[in-house]
Amino acid sequence: MEIDEENNENKGGMWDLEQKLDQPMDEEAGRLRNMYREKKFSTLLLLRLAYQSLGVVYGDLGTSPLYVYNNTFPRGIEDPEDVIGALSLIIYSLTLIPLLKYVFIVCRANDNGQGGTFALYSLLCRQAKIITIPNQHRTDEELTTYSRSTFHEHSFAAKTKRWLEAYPYRKNALLILVVVGTCMVIGDGILTPAISVLSASGGIKVDHPKMSNDVVVVVAVIILVGLFSLQHYGTDRVGWLFAPIVLLWFLLVGGIGIYNIWKYDSSVLRAFSPVYIYRYFKRGKRDGWTSLGGIMLSITGTEALFADLAHFPVSAIQLAFTVVVFPCLLLAYSGQAAYLMQNTDHVVDAFYRSIPESIYWPVFVIATLAAIVASQATISATFSIIKQALALGCFPRVKVVHTSKKFLGQIYIPDINWILMVLCIAVTAGFKNQSQIGNAYGTAVVIVMLVTTLLMTLIMLLVWHCHWVVVLIFTVLSLVVECTYFSAVLFKLDQGGWVPLVIAAAFLVIMYVWHYGTVKRYEFEMHSKVSMAWILGLGPSLGLVRVPGIGLVYTELASGVPHIFSHFITNLPAIHSVVVFVCVKYLPVYTVPEDERFLVKRIGPKNYHMFRCVARYGYKDLHKKDDDFEKKLFDNLFMFVRLDSMMDGCSDSDEYSLSGQQTQHSRDYNGNSSTANIELSYSSMDTIAPAKCHPQGNSTITSSGHESSQTEVDELEFLNSCRDAGVVHILGNTVIRARRESRFYKKLAIDYIYAFLRKICRENSVIFNVPHESLLNVGQIFYV
C-alpha cells in the first residue's frame, strides 16, 4: 500500500527483515507487455461480423420506431408542420448521438473490446491510481492485458492524473459517477423489455379496436415471463436467429418507410434541413421543449450498443450502423411522418396504422420477435455490467453462470434475472401505457449518456492524450445536446420519470454500501496483518503441533500474513504441515491469461513450509468452482518449488542479477547476523538470474547442484504426502460493526444494510466450492 511505502524510511531493521522474508512478487510476475490492437479482418469476414452484430447490438435501437411518435405527441398533433419539426429533431439526434458520438468515437474507447461504464472506469484505473480498494501491486502492471500509456510529466494528461489522485474524495466521486451510470443501465434492463414488448403487443388492439387495454397488458406480461424464464439457457442456442430477425425487421421498416413517403407525402424529406427545428420550437415553446422527451426515445439503445461490444470489432459495428441501421431508421421515421401528415389523429398507433394492410400480420409477428431480441440484448448487457461491478467490489456476491462454451461474455445471473422480471412486470402492469413508461425510459437513458460523456472526457485526456481543445469541443457539444434532453425529461418526472430514479437510488445504496464495507474490511486486514518477526519468533513449528496435511488460508491480502491467521493459531493446538495463503483478487483488466494467473512465493525460511498464492482474474473471467482451481494452484506451487531448488545449486562466484546487484543481509530472531533466504529473480523472459548462495548451519551446497536436486525431490515428496493427507480450507469471516459513538447513518449502513447484504449474498465457501467436511471458518469482529 501507498501508506506503507511512505513510511519505509522510519521502520528500521525489523521492516527490512520482514520485506526480505515476505518479498514482493515482481520477479515471479515478469511478463512482456502486449498492447491490444484490433485485428485486421478480410472483407468477407467483416461483412459476416457486421451481419451478426445486428442481432446482438442493434435490437434495442431498431425497435424505437414502435413508440417514438406516440411519446412525442401524447396530446395529439395540432399542426401537421409539427411532424416535420419532430422528424428533423429525430434525424439530427440519430446523426449526432448514435452515429457521430457513439459509433465513431465512444466505441473506440473500449477496454480490449469490452464496452460499458465499468470498462471505461477500468481503463482509467490503469492510467491513474484511482481505484478505491488498494489491493494492486506493481507486478499486476506486467500482465499482457494490462495496457497503459505513458505521458510527459508536464503534459495536461499528467496534471489531470495528479488532480484525480490528490484527494480520496475525488476518487470516490468518480466511483459514484460510474455506479450511477451502472444503476441507470440496470434501469434500462427493466424498462426496455417493458416498453418494447408492450408496444409490439399493442398491434393486436389496432386490428381489434374494441379490445380492452388489459388484454394487451396480459399478453405483454406473458411474453415477459417467458423471456425471463428462458434466460438460463443463454443466447448461444438461439443467437443464430437474432441476426436474421433484426435484419428482416430493418428491411421491413425501411421498405414500409419508402412506401409511405411515396404514397402519402414526399415533402417530409425537407426535414433534413435544420431550419425546421427552429420553426418547431418557435411555434410551441413549452410543448416543443417537453416533446424532446419523446424525441429522445429515438436514440434509446445507444448505450446498450456500447455495452454489447464484447464479441464484435468496432469496424463491424460501424459498418452495420452506417450501411443498414442508420438509413433504415431514417426511412422508417420519415415514412411514419409522411403518414401522419395525412392522418394526424392516428399518432397513438402511428407505426401499426402506417403498415400496408396486406402485410400487417407478418410485420406484427416480426415486430414482436424484434422486441424480444431487443429486450434480450439489454438484459444481457445488464448481466455483463453487474458482473463487472461484482469483480471490482461494487456489488454483493451473486451466482454467475457461464451459459456458453464459445463466448466468455455470455453469462446468466439468476438472482438479478428474477429481480428484473418482477420489476419489469410491475412497471408494465402498473403503468399499462407506453407514454409513462417512455418518460421513465428517457430519464434513464439520458443520465447514462451524461455519465458516459464525463468519463469520455477523462479517457480522451488520460488514454488518448488528445489536445485539451479537442476534448473541450467534444465535451461541450455532447453536454449541450444531452443537457437539453435532460431538461426536457425533468418536466416529466411526475409522469413516470421518477421510476428509474427510484430504481437507481435503491441499487446505488446497495452498491455503495457494499463497496464501503468491502473497503473497510480490506483496510482492517491491511492494518492488522501479522509481522514476520512474530511468525519467526514462533519457530518452524509455529508454536503448535504440525499435523500432516495442507491448510489453504483464504485472505484478501496479496502481501503479509493476515490477522485471522494469528487468531487461528492462538486458539487451536495444531496447524498443518504446509500452509498456503490464497488470495483471489480481481484486477481492472478484462481478462488475465491462464499462464499468468497464479503467482507463488515462499514466506519465511524453507523449514516453515509457508507459501503465498495470488490468483488474479479480470472482470470478464469466471472463477472456476471445481477441482480445476485447486489443481492449478498445486501445479504452480510445485513448479515454484522446483525453480526455488534450482537456486540452491548456483555458482559460488560473485552474485549478479539482471536487475542490478543487490546483497541482502538481515538478522534472525535470535539477533544473529545471517543472509536472507535465496531469492528467485526472473527477467521478463522468465529466465532465472542467479544470486550468490550462502550456506546456513552446517550444510554445504556444492556447485554441481546434486544436493539441490535431492532437496527438491525431498520437498516435492513432502508436499505430495501432505496433499494426500488432506487439504483443509480455512476461511476468515470478518464481521463489521459500527462503533457505539458512530452517527445514525453509519449504523444504518453497516449494522443493517451491509449486514443484511452479507447474510443473503453467496458465502466464500460456496464460491470456492469448498466441501463442507474440509471447511474451517474462523470469525472475528471489527468495529468501524
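Just so you know, glycine gets a Cβ as well, placed from its N, Cα and C.
Annotation comment: TrEMBL describes 49-535 as domain 'K+ potassium transporter integral membrane'. Annotation comment: TrEMBL describes 548-781 as domain 'K+ potassium transporter C-terminal'. Feature annotation from TrEMBL assigns transmembrane segment to 41-59, 83-104, 172-195, 288-307, 319-339, 359-386, 407-429, 441-462, 469-491, 497-514, 534-554, 574-592 (among others).
Per-stretch counts of Cβ pairs under 8 Å to the transmembrane segment (497-514) identify 441-462 as the leading one among 83-104, 441-462, 469-491. Stretch with the most C-beta contacts under 8 angstroms to the transmembrane segment (172-195), considering only 41-59, 288-307, 574-592: 288-307. Confidence across the domain 'K+ potassium transporter C-terminal' (548-781), taken as the mean pLDDT and rounded to a whole number, stands at 68.
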